[in-house]
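For reference, the structure is listed below as structure tokens.
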Amino acid sequence: MEEQKIMGLSSDPDVYSKELDIAVKAVQMACSLCQKVQESLISKTKSNGQVQVQSKDDSSPVTVADWSVQAIVSWVLSEFLVSGNISILAEEDVQTLSKSNASGLLEAVVKTVNDCLAEAPSFGVKEPKSPLGTSEVLEAISRCNSTGGATGRFWVLDPVDGTLGFVRGDQYAVALALIEDGEVMLGILGCPNYPMRKEWLSYQHRYHRIISKLTPPTAETWEKGCVLYARKGSGKAWKQPVHDLDKKLVLQNCPIPVRVSSIDNPALATFCEPVEKANSSHSFTAGLAHSVGLRKQPLRLYSMVKYAAIACGDAEVFMKFAKTSYKEKIWDHAAGVIIIQEAGGVVTDAGGRQLDFSKGVYLEGLDRGIIASAGARLHEKIIEAVDASWGSSCL
Ligand SMILES: Nc1ncnc2c1ncn2[C@@H]1O[C@H](COP(=O)(O)OS(=O)(=O)O)[C@@H](OP(=O)(O)O)[C@H]1O
Ligand SMILES: [Mg+2]
Ligand SMILES: [Mg+2]
Ligand SMILES: [Mg+2]
């Protein structure tokens, strides 16, 4: 009971409470791991740093942190959720890691995983009897081979969302969700660089440097980094600080409820969108913003931190209009969608339909793009504006 209170769960029927407890702890561990890897990436000389950042077939980056987080989350869920075989659908695979010329990379992943597991007790998680061997780490990563679908229970994991932001010292997220019979039931979103003050969200690119200057570390302050979580139907979403082991900031701060903003006038809204214009049409959203009288600059943020900003009331609208040739993947959205919805917001495609997480890896049947808003009235107005602008756009 005491533990439930700490987690912020109400006295509602205990559905998913064990799963949520373990999942939040796994994401906390993942955030700690990512903070260390990001720091070492930024401080290292180019030649060292390159070992830790690889390029995938589609030229997107993947790092030691992506594989290591996938291994940690997979290991923790499988070890402590004994309800049968855990099924996980996740972004990364072991192809690159298993290549004969990747031994340095694989070693770095195994070390990062074991360093993180050695700190497991500080997160309330039992550490393994002995450090994991290479084959156990590879097995934990490759076990995440679920293909999802409309029936049964599976977890969805994006170990590092916004890897580009991560390697640039900027925003990124660790995203975990539980899907049952095609519906998102739990969402956990770790945002290790989420700032305490919303004004700091707009320090793109210079983020790391500026935050470290603005906030000399003290033992008490929660400067940056949070884990958000929500359970379907609870009508609540929660935020807790990322545990800072150096400052012994572990669960001392009880979770606080988060709620979307009450602004429903599009002209007053802050809207956020992807940083990369290759990922979403900046020109379409600029035209749309103009058409609703919105004059503020868009808040461009890497990763699902955009969903976090809406859920926390720090922004009001998120729009993503990817190229028609691109198919959105469920791990880029599941956790963020449930957290916004439970915090009082709305997320649909541009046709006003719920996103469909029941069709496997991709969000099939998506109408044009994704829109998240702080409330139903605002959402309606944005959808109307999208419809009005769409015909004259070149998308
Ligand atoms: N071409 C294209 N179009 C649209 N989206 C793409 C595209 N390529 C990749 N991705 C996915 O975008 C994820 C990065 O987050 P964002 O969409 O927020 O973009 S951005 O980083 O802010 O520019 C990113 O997630 P991660 O790979 O986890 O970083 C991708 O899944
Ligand atoms: Mg992603
Ligand atoms: Mg990713
Ligand atoms: Mg990726």
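Cβ atoms are placed via backbone N, Cα and C, with glycine included.
The candidate list GLU39, GLU79, GLU91, GLU92 contains one residue that TrEMBL assigns to the Mg(2+) site with ASP158, ASP161, ASP332, namely GLU91. The number of other CB atoms found within 10 A of the CB of ASP161 (Mg(2+) binding site), across every protein chain shown, is 28. Take the binding-site residues ASP158, ASP332: by the count of other Cβ atoms within 10 Å of each Cβ, the lowest one is ASP332. Look at ASP332 (Mg(2+) binding site): DSSP puts it in a helix. All protein chains included, GLU91 (Mg(2+) binding site) registers 22 other Cβ atoms within 10 Å of its own Cβ. The Mg(2+) site, placed at the center of the C-beta atoms of GLU91, ASP158, ASP161, ASP332, has further neighbours from the same chain whose C-beta lies within 8 angstroms: LEU157, PRO159, VAL160, ALA173, ALA175, SER303, MET304, LYS329, TRP331.
DSSP assigns GLU91 (Mg(2+) binding site) to coil in the three-state reduction, outside any helix or strand.
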